[in-house]
Structures are given as structure tokens and as C-alpha cells.
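Record features, source TrEMBL:
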type	residues	note
ACT_SITE	38	active site, nucleophile
DOMAIN	23-171	domain 'Pseudouridine synthase II N-terminal'
DOMAIN	172-212	domain 'tRNA pseudouridylate synthase B C-terminal'
DOMAIN	236-282	domain 'tRNA pseudouridine synthase II TruB subfamily 1 C-terminal'
């Protein structure tokens, strides 16, 4: 069994819990998730199975989309609703000011990873230190917010919004930063990931649906091929002889006028079989293709 299963992680489970559950119902050892979601959060979690686990490193790098709720006027030590309340403010900014500050975050910005996170400092995860009451110095990371769309704004200081962002963005930290800039504090009170790369929530299975389909022997039809991750790349097709050389690690000559040297391409063999990723090389004016990551 090889492919990518798009599932919805429910709140209350870790990403590793989901992997362990699916490993049991699929009866397969080679399986992994593509990016940690907080235990209290829900949403899209592509799961790679079999040889498709080789695509994990690429999916992790993809952009994400979330729907989140920001609650203004209350700060917590975890920046979300699971934490201890550390400050309360009665003064909450007006709708126009809230929208202005939120829109100001569109673009690149330097974000400080929260203490309650899996980021490692000196080999130790921050959340392990935070649970012991230890706060350590962290280095800000550059993230990018591509868009923020406010869906609903309530009079009690709750703001529901969609955000498109780069990988590694902490939405609860974004909420906390917005609250800080508004002068009233804030925390993330709800989060669901609606898209990870090309995998969206509309085509995702619940764990119950996945279990039912696995029991009926139908889960294979829900597995996306690893090539789905690389549809943004140009494709090349090899004949049988070149396919064999490519799979053995040899450089094969190709006609790739629209692909520059150093760029990657999706590579297909006979019968449109996806072989993996190849990298274009140039030597003495000729173009060659060499395997970069195989998926068969």
C-alpha cells in the first residue's frame, strides 16, 4: 500500500496518535504524518503510507490555510484556550482598529516561537521546559502571512478569520501578537487547518470514515499518489531504456528546453508510471536528467 491519505485530525489527539491509529487499521508499518497540529486543534493532516513517506519532507514545506478564532481581552500562558489566564482587559478595540491591525500582519514578519511548542533549544523541546515553569530565550523566525480574511467579528471581542501562511507559522502566536498590538491582549480560542499544500478539508476523511473504508477493503481508492505533491513541477516522460538507466542512478539525455539546469521535474516511465523526481543537469550544451528522489 503506497500513497497519501488525507484525514482530519480531531481535537484531543496528537498527530502521532493519528499515525498510531491508522497504522493499526491499515496494518502497515511504514506510515508518517506531514506536520504537527496542536492536540487541541483539528483539521487536515495528510498521512503518507509506504513509499509515499518519501514525500513527507516536501509536504511539510508547503503553505497552510487555517480558520481561527481570536478572543481579545484575555491572555493565557500558552496563547490558546488551554492555558492559564495571565491577564484580562475590559477595553477592547473597535472593529476598524482590529481589522487594520490584523491586515498589517499580511507579509513577512518575525515571529517568536511560543514556549509551549515542539521547537528545540539545546536539544530540548520548549514545551517540556514550559511545563516545569522554565522560560528560555528563543530566536525569532521569519514567517509569511499571505492573506487574512475576517469572517465574523462579535461584540464580545471574538474574531473569526481565515489565514493563509507559510510553514512554521504559529497561529496562536499570531493571535497573541495581534492582541498585544491592540493593547488589550488576546489568545487563540479555536483552530482548524483547512488546507495543507494541495490537500484540503473538503476531500479529507474522518478517522471513522477511514476505519470503515479500511474494513471494507476500500481505503486504497482514497490514497492520492505521491505525484500529487509535485504537480507544480514540469513533467518528463522516459522510454523503457532511459527509464531503466534513470532508476539505476545514471544520467540520461533529455529534451527539456523549458526546464533550466538545476531545476527538478516529475519523471514518468512507460505506461505513465510515476517514477519520482529528477534534476536537470547541463554538460557541453546538452541536457541530462538524474534521479533525485524515487517513489517506486
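Cβ coordinates are placed from backbone N, Cα and C, and glycine is handled just like the others.
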By Cβ distance under 8 Å, which residues at least 6 away from the ends of the domain 'tRNA pseudouridylate synthase B C-terminal' (172-212) in the same chain are close to it? 4-8, 10, 18, 21-22, 25, 34-35, 37-38, 40-46, 59, 62-76, 78-81, 83, 87-89, 91-93, 97-98, 101-102, 104-105, 111-114, 145, 157-158, 160, 162-163, 165, 219, 222, 224, 228-229, 231
Which residue counts does DSSP give the domain 'tRNA pseudouridine synthase II TruB subfamily 1 C-terminal' (236-282) for helix, strand and coil? 11 helix, 18 strand, 18 coil
Per DSSP (helix/strand/coil reduction), residue 38 (active site, nucleophile) sits in coil
Near the residue listed as 'active site, nucleophile', how many other Cβ atoms are within 10 Å of its Cβ? 22
Can you break down the domain 'Pseudouridine synthase II N-terminal' (23-171) into helix, strand and coil residue counts using DSSP? 30 helix, 58 strand, 61 coil
Report the mean pLDDT of the predicted model across the domain 'tRNA pseudouridylate synthase B C-terminal' (172-212), rounded to a whole number. 97
With DSSP as the yardstick, break the domain 'tRNA pseudouridylate synthase B C-terminal' (172-212) down into helix, strand and coil residue counts. 20 helix, 14 strand, 7 coil
